[in-house]
């Protein structure tokens, strides 16, 4: 008799009672078979064999624990490098589209917005299946809130994002013609006619919108519609940047604003880009959890069927 129990068929999210009963019967047969095997193993030679088998199992368990620890360290390193390289590319390629070329008219905010959007599309396509391609501490904070990753892994992500953003922007400044590297290049600052509180509110709202989009992508009800995810994020970033860019720079990303500030030595209004995106992430997670959360459908059956299943499970072989 085979010891493999077939999984019951699921129709429209529900398991038929007949399939449940068949699985319970199969489990009963497995218990009977195991009981017969146990009775045969009471001879001295069998006991000795069992002790040897037990030692082998313990050794295998120790080996498995070692491999798991190694795999965990490797996963931390892999995700760290994925986020570091992804955020470095975001700053290197995205800010390249903001360069004020001497022989061309100054770029309007539409070109940098589209540049960042298409770069996000590229990065999500390359690194999305490795680390999720967060590229943004606000997105990482959201995954920690939803317990998609551990706080320790979240800290690794955020460290990689800040280091990657700084490295990518520094590399761009070194490789670009120096006459193009003007003060405030690729920095995010509020419009002079916008107050600090207005800019803070806008950064909070647009980050909240971005996180709502992320929540929609992470939702299990949307798990079969992931083919165009890189394009979705790319065009969403471009669209938000086009409308909010002239007012606040449409950062939505503390690491993205931090790198130019550090390398330019200009920390004015930085608090807006530290508070706004993170508060927006928390609000976005809260809104999605409260307004759009759902519970998975449960198996529907009547009391008589439940009693029959419980009796079959508790019945001794």
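Placement of Cβ uses the backbone N, Cα and C atoms for every residue, glycine included.
Residues or ranges marked as transmembrane segment in TrEMBL: 76-102 (among others).
Tertiary neighbourhood of the transmembrane segment (114-135): same-chain residues 78-79, 82-83, 85-87, 89-90, 93-94, 96-98, 143, 157, 161, 229-231, 233-239, 241-242, 253, 255, selected by CB-CB distance under 8 Å and a gap of 6+ residues from either end. Among the features that TrEMBL reports, transmembrane segment is placed at 114-135 (among others).
Within the chain, the transmembrane segment (156-176) has long-range Cβ neighbours (under 8 A, six or more residues past its boundaries) at 76, 79-92, 95-96, 99, 131, 134-137, 140, 149, 185-186, 255-256, 258-260, 262-263. Summarising the annotation, TrEMBL assigns transmembrane segment to 156-176 (among others).
For 196-218 (among others), the entry in TrEMBL reads transmembrane segment. Within the chain, the transmembrane segment (196-218) has long-range Cβ neighbours (under 8 A, six or more residues past its boundaries) at 138-139, 142-143, 146, 148, 190, 226, 229, 232-233, 236-237, 240, 244, 247-248, 250-252, 269, 272-273, 275-281, 283-285, 287-288, 292.
Listed by sequence, the residues of this chain that lie at least six past the ends of the transmembrane segment (230-251) yet keep a Cβ under 8 A from its Cβ atoms are 109-110, 112-114, 116-122, 124-125, 128, 187-191, 194, 198-199, 202-203, 206, 209-210, 213, 217, 257, 272-273, 276-277. If you look up TrEMBL, you'll see 230-251 (among others) marked as transmembrane segment.
Annotation comment: TrEMBL describes 271-294 (among others) as transmembrane segment.
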